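Per TrEMBL, the feature substrate binding site maps to Arg57, Asp114, Glu115, Ser116, Lys156, Gly173, Asp174, His251, Ser252. Here TrEMBL flags His127, His152, Asp153, His225, His251 as Fe cation binding site. For 302-318, the entry in TrEMBL reads transmembrane segment.
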Amino acid sequence: MTIVIEQPDLCSQFDGKNVHAEETNELLLDGGFPLPKQMSEDGFKAPEINSFGQSFRNYDAESERQKGVEETYRRQHINQTYDFVKRMREEYMKLDKAEMGMWECCELLNEVVDESDPDLDEPQIQHLLQSAEAIRKDYPNEDWLHLTALIHDLGKILLLPSFGALPQWAVVGDTFPVGCAFDESNIHHKYFKDNPDYKNPAYNTKNGIYTEECGLDNVVMSWGHDDYMCMVAKENGTTLPSAGLFIIRYHSFYPLHKEGAYTHLMNEEDIENLKWLRIFKYAFILTSVDFFFYLYTSFIDAYITYYTICAANMIYTARAKF
């Protein structure tokens, strides 16, 4: 895909300070990029709403979507077994489905609606840009975080025919480890009782096949757009920091970052990265999509390899394997 754009003026976009710096999000340099300062010695407190006063994930509200959302989770909880996930990872690790530009991939999400989301029934490309802009407003100097927000849901292309037309339960919804007991903090936990792994003694203990503090990179997560997009980013040589990849792989892992479950599997690096994930999860804003196309092109340039750059005409042909 070829995109022709004008050079965006980014300097003026980043003059402002973090709007919450005095309260929760003072930044300290650690390992080459900034990390949020803890509010207290006993743990990090994530914001409960974003800077626009919005909060999300109301599964109890009355809406026409609720019945469909619950059905998606019923099927997910029954079918997401350890063996299923291993098969999916082996198949999609080949990255032989397509080669395209990142903006081209974003545009494909115009065809996608997430049936597991009780709040969002709009095309996903709007969600990506809204999330990225909310993050940029709160953390204007962390361009890697803005880019992470932009691409975090691109794995939902798995719903499309060119990428296997996987059912919703194999692409969207909250994620969770497989190979160990299903924690009761998982939404609609009751449906796990019909999962073949539920009664498997190898998988139904707290640790299952894992060891304490083994690190989440060594944990097999339920298959979906998170794990897939993290795989795509790594295999295409992204320079995003580990916190960015952590956000991509675990942003749907609500039992961890919202309920505090499965922390016994985390290592020290996971604990540090979780601070950024908790910040990220409250990013959302209703805003115009078109304007921010120009801004986020520059972030793709910084963190994703380009096969061709024609600087004279600002023509980009960024491509990645999916």
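Placed from the backbone N, Cα and C atoms, the Cβ positions cover glycine too.
Automatic, uncurated: that is what TrEMBL annotation is.
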8 Å Cβ shell about His127, His152, Asp153, His225, His251 centroid, Fe cation site members excluded: Gln124, Leu128, Ser131, Leu154, Gly155, Lys156, Asp226, Met229, Ile248, Ser252
Separation of alpha carbons, Ser252 (substrate binding site) and Asp153 (Fe cation binding site) (Å): 10
Among Glu115, Asp153, Asp174, the one of these binding-site residues whose Cβ has the fewest neighbouring Cβ atoms within 10 Å: Glu115
Spatial neighbour of Lys156 (substrate binding site) that is closest, considering only the binding-site residues His127, His225, His251 and their CA atoms: His225
Those residues of the chain, 6+ apart, with a Cβ under 8 Å from that of Ser252 (substrate binding site): Val172, Gly173, Asp174, Thr175, Gly224, His225, Asp226
Per DSSP, three-state class assigned to His152 (Fe cation binding site): coil
Site with most surrounding Cβ atoms, counting all protein chains shown within 10 Å, from the binding-site residues His127, His225, His251: His225
Inter-residue C-alpha distance, His251 (Fe cation binding site) and Glu115 (substrate binding site) (nearest angstrom): 17
Distance from Glu115 (substrate binding site) back to His127 (Fe cation binding site), taken between C-alpha atoms, in Å: 14
Length of the line joining the Cα atoms of His152 (Fe cation binding site) and Glu115 (substrate binding site), in Å: 17
Local backbone state of His225 (Fe cation binding site), from DSSP in three classes: helix
Per DSSP, three-state class assigned to His127 (Fe cation binding site): helix
Protein Cβ atoms within 10 Å of His152 (Fe cation binding site), excluding its own: 26
